[in-house]
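Asker: Pasting a structure below so you can have a look.
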Amino acid sequence: MKWSILLLVGCAAAIDVPRQPYAPTGSGKKRLTFNETVVKRAISPSAISVEWISTSEDGDYVYQDQDGSLKIQSIVTNHTQTLVPADKVPEDAYSYWIHPNLSSVLWATNYTKQYRYSYFADYFIQDVQSMKLRPLAPDQSGDIQYAQWSPTGDAIAFVRDNNVFVWTNASTSQITNDGGPDLFNGVPDWIYEEEILGDRFALWFSPDGAYLAFLRFNETGVPTFTVPYYMDNEEIAPPYPRELELRYPKVSQTNPTVELNLLELRTGERTPVPIDAFDAKELIIGEVAWLTGKHDVVAVKAFNRVQDRQKVVAVDVASLRSKTISERDGTDGWLDNLLSMAYIGPIGESKEEYYIDISDQSGWAHLWLFPVAGGEPIALTKGEWEVTNILSIDKPRQLVYFLSTKHHSTERHLYSVSWKTKEITPLVDDTVPAVWSASFSSQGGYYILSYRGPDVPYQDLYAINSTAPLRTITSNAAVLNALKEYTLPNITYFELALPSGETLNVMQRLPVKFSPKKKYPVLFTPYGGPGAQEVSKAWQALDFKAYIASDPELEYITWTVDNRGTGYKGRAFRCQVASRLGELEAADQVFAAQQAAKLPYVDAQHIAIWGWSYGGYLTGKVIETDSGAFSLGVQTAPVSDWRFYDSMYTERYMKTLESNAAGYNASAIRKVAGYKNVRGGVLIQHGTGDDNVHFQNAAALVDTLVGAGVTPEKLQVQWFTDSDHGIRYHGGNVFLYRQLSKRLYEEKKRKEKGEAHQWSKKSVL
C-alpha cells in the first residue's frame, strides 16, 4: 500500500486560513447519536447566499430576514433598508426576484414540487412604493412553470401549460400555442431537466433585453414509463393507485427533438432557427449563450446523441445565418456539458471578440478563450490540474476568477487569471489543504470568501486586492462551541496506488476513541459514477457516517474511495470506464478493501459496502465479483441494468445498445454467485415512486437473485411506498437509516460459522 503524505508549507502571498487544515475531532466527551445525525442535523454549519444587486454603490444585496421582510443591505457599511415589510409579503411566498431598478418584486407563491428542479407556482408582481400586488396571470391556479425578468426590467417571460408568454406593462402576449403534454416551450422536459440543462428553464434574454431565445422540445414518439403512487399523499390509500405517465427515453429509444427559437420582443415575431450540427433525431442542445453585449449573436453548444462529438454553432440574429465556430471529437470517451460559456468581448487592441469556456481538450479541464467568429482558441490555464468553476468575470480588470484543483484533486482553491498576461494569482494560500468558494459583487469590487472545510466553515468579506477581511459574515461560532462538548471521528485523507501506477483518493473516518490495538469493522461508502467526486476536503457533515463511527455499539471505520472514472483527475482517468461501466469501478473498490484488510486495526472478516443510486449499482457490481473482500452489501435505489436507465445519461458513457451490446450485457448485474457467497448477505432498498432510477431495477434484480436460488439468509429486500429517489415519503428516510444501522450491528456481531435452519444445510437438501 502506498500512502501519500501531505506537507503543509507556509505561504504569505495570499489570504491565510484561520482554521486548522484538518477536520475537527472535538474536545469533549459526548458522542454523536442517531437523533443528532439522522433524525435532525443538530450540529450543522450555516452559510449565507446573497443576491447581489446593481445600485449606485457596489456591494449591495437583497435578502429576506427571519421575520420575512425583504431588505437591501450594503455588505460594506452594513446599512439596511426595508424593501418589503413582513406584513406586505404575500402569503405562502416561496421565492422572489427583484426588478433591475428595485421598483418591483416578482414573487412565487403556492409552490408545488415537480421533478428535481422544476415546480409549479402562482406569480405576483409587487410595486414597492404602493405595496400593491397584481397577479402575473389573472386566472393562474398554481400552474405557472417559470418566470423571469428581462435584464432591463420592462418585460417578464413566463411559461404556462408548456407555452411561452411575455408580460409587459400589465399586458400579456402568448408567444406559442402548441404547448401540451408532448411539446415543451421554454421549459425542459424530464430528461433535459435531469441530464442536460440541470435546471427548470430553457429560455434566455439577450443582454439588452431585445430578444428572447428559447428551446422547444418535442416528445412525440418518446416511450412512456408509468410510475404508480399507491398512497398519493393521502393518509388512507385510494382503491386505485394514481399513475404518472412519464415520457422517459431509455437506451436506444426515441429521444425528444429540440429546436431553437428567437423572439424579437418589440415586434413579437418568433423565428425557429435550424441547428444542423447533427441530424435532428440525434441532436442534443446542451447550452445556449448570448455571445454579445447586446443581441447580435446567440450560440448553441450541440452534441450528437452519444455525446462524444460537440459543435458550437453561432447564429447571427440579424440574418439568421449560422456557423460552426468550434468543434470537438471526444470519441475516446465522452464530452461533458459544463454550462460554462460566457461572453468576454474584444481583448486588448484587437477588435476580435471572444468568449470563455472550460474545455478538457488538453486532457485536463482548463479555461480557454474562443473567438466568437471562429478560429484557434487561446489557453488561459494549463497543467495537470483542473478548473472546476468560473466564479466571476471582471471585464474592467480583465480578470477571470475561478476554482481549481491546482494543489490537489480533493481541494478547491481560488485564483484569478488575467486574459491579458495569462498570469495566475492565488487569492488564498493554496499550499494549505482546503476547499474554498466565493461570491463577487455586481461590480466586482467585493467578494464573500467562503471557507468550506475541512474545518468548520466560515465566511469573510474582502475588497478586491486586499488580504485583510473587512469583516466576518458568518463565523459559525455556535458550531465551534457545540463541538467542544463532543468527541468526533477522526477524518484523514490519503492516496492508494493501483498496480497500474494510478492512485485513488481515499477518505478514512476512524471511530471515536480509536485504538490501534483494537480491530474494527469497516463500511465502504462509494458513489463512484463518471465524473463524480466523494473524497473532498470540504467539511464533512455530521451525518450517518459520523454516527456509525460514534455509536459505541457500532464503531465502524468508514472508507470512501474515488475509483477510476471519477472526476477532477484528468480526462484519461475519467474516460477509461467508457463503454464498460461497473468493471474498473468494482475492481478498484475490491482492491481498496483488500488493502484495508491488511491493516492491523481492521477486522478483515467484517468489511461492508453501501451505496445509493450509482453507488448502489457499484455495490452490486462489487458483490458480483465474488471476491470475498466484502462481507455485507447494501444497495439503495440501485441501477441494475443500464437498459433500464435514461438514454442521455447512459449513452454518454455506454454508447447505444446496438453498438455496444457486449458492454451492456457485461455491465448489468446478473451473476449471482457473489450474492450466494457474501457472508453477511445483501440488503436492497428502493422507493416505488422513484421517477429517476425506476423501481423496475430492484424488481428485476431481486427476481434474478431469487430465481437463481439465493437464499433468504442472504437476501433482504425493503421497498418504500411512493418514495422517490431520495426515499423520504412518510418517514422513509429515518426507517432506511435505522434498518441500515441494524444490519451493520448484526454484521459486526455475526460469527463466521453460526447456526442455521436445516434448509440451509446442504446435507439435508
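Cβ coordinates are placed from backbone N, Cα and C, and glycine is handled just like the others.
OK, Swiss-Prot features for this one:
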- 1-14: signal peptide (SIGNAL)
- ASN35: N-linked glycosylation site (CARBOHYD)
- ASN78: N-linked glycosylation site (CARBOHYD)
- ASN101: N-linked glycosylation site (CARBOHYD)
- ASN110: N-linked glycosylation site (CARBOHYD)
- ASN169: N-linked glycosylation site (CARBOHYD)
- ASN218: N-linked glycosylation site (CARBOHYD)
- ASN465: N-linked glycosylation site (CARBOHYD)
- ASN490: N-linked glycosylation site (CARBOHYD)
- SER613: active site, charge relay system (ACT_SITE)
- ASN665: N-linked glycosylation site (CARBOHYD)
- ASP690: active site, charge relay system (ACT_SITE)
- HIS725: active site, charge relay system (ACT_SITE)
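Burial and contacts for the listed features, if you can.
Answerer: In the three-state DSSP assignment, the secondary structure recorded for ASN35 (N-linked glycosylation site) is helix.
Remark: ASN78 (N-linked glycosylation site) has no non-local neighbours by Cβ distance under 8 Å and separation of at least 6 in sequence.
Every protein chain considered, the tally of other Cβ atoms within 10 Å of the Cβ of ASN101 (N-linked glycosylation site) stands at 12.
Neighbour density for ASN110 (N-linked glycosylation site): within 10 A of its CB lie 20 other CB atoms from the protein chains shown.
Around ASN169 (N-linked glycosylation site), the same-chain residues at least 6 positions away in sequence with a Cβ under 8 Å from its Cβ are ASP154.
Within the same chain, residues at least 6 positions away in sequence whose Cβ sits under 8 Å from that of ASN218 (N-linked glycosylation site) are ASP182, LEU183, PRO256, THR257, VAL258, GLU259.
ASN465 (N-linked glycosylation site): 9 other CB atoms within 10 A of its CB, across all protein chains. DSSP assigns ASN465 (N-linked glycosylation site) to coil, not to a helix or a strand.
Summarising the environment of ASN490 (N-linked glycosylation site), the number of other Cβ atoms within 10 Å of its Cβ, over all protein chains shown, is 18. Under DSSP, ASN490 (N-linked glycosylation site) is assigned to a strand (E or B) in the three-state scheme.
For SER613 (active site, charge relay system), applying a Cβ distance below 8 Å and a minimum sequence separation of six or more within one chain yields TYR527, GLY529, THR636, ALA637, PRO638, VAL639, ASN692, VAL693, HIS725.
Classification of ASN665 (N-linked glycosylation site) by DSSP places it within a helix. Under a cutoff of 8 A between CB atoms, and with a sequence separation of 6+ in the same chain, ASN665 (N-linked glycosylation site) has no neighbours.
The Cβ of ASP690 (active site, charge relay system) lies under 8 Å from the Cβ of VAL227, ALA637, SER723, ASP724, HIS725, each on the same chain and at least six residues away in sequence.
Classification of HIS725 (active site, charge relay system) by DSSP places it in coil, neither helical nor stranded.
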Asker: Counting only residues 6+ apart in the same chain, whose Cβ is under 8 Å from the Cβ of ASN35 (N-linked glycosylation site)?
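Answerer: Long-range Cβ contacts: ALA42.
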Asker: If one measures from the C-alpha of ASN465 (N-linked glycosylation site) to the C-alpha of ASN110 (N-linked glycosylation site), what distance in angstrom results, rounded to a whole number?
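Answerer: Distance between the two Cα atoms comes out at 44 Å.
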Asker: Where does ASP690 (active site, charge relay system) sit by DSSP, helix, strand or coil?
Answerer: coil
Asker: Rounded to a whole angstrom, what is the C-alpha distance between ASN490 (N-linked glycosylation site) and ASN110 (N-linked glycosylation site)?
Answerer: 44
Asker: Test of understanding: give the count of other CB atoms lying within 10 angstroms of the CB of HIS725 (active site, charge relay system).
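Answerer: HIS725 (active site, charge relay system) is surrounded by 18 other Cβ atoms within 10 Å.
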Asker: Should ASN218 (N-linked glycosylation site) be counted as helix, strand, or coil on the basis of DSSP?
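Answerer: Once the DSSP labels are grouped into three classes, ASN218 (N-linked glycosylation site) ends up as strand.
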Asker: What's the CA-CA gap between ASN110 (N-linked glycosylation site) and ASN101 (N-linked glycosylation site) in angstrom, rounded?
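Answerer: ASN110 (N-linked glycosylation site) to ASN101 (N-linked glycosylation site), Cα-Cα distance: 26 Å.
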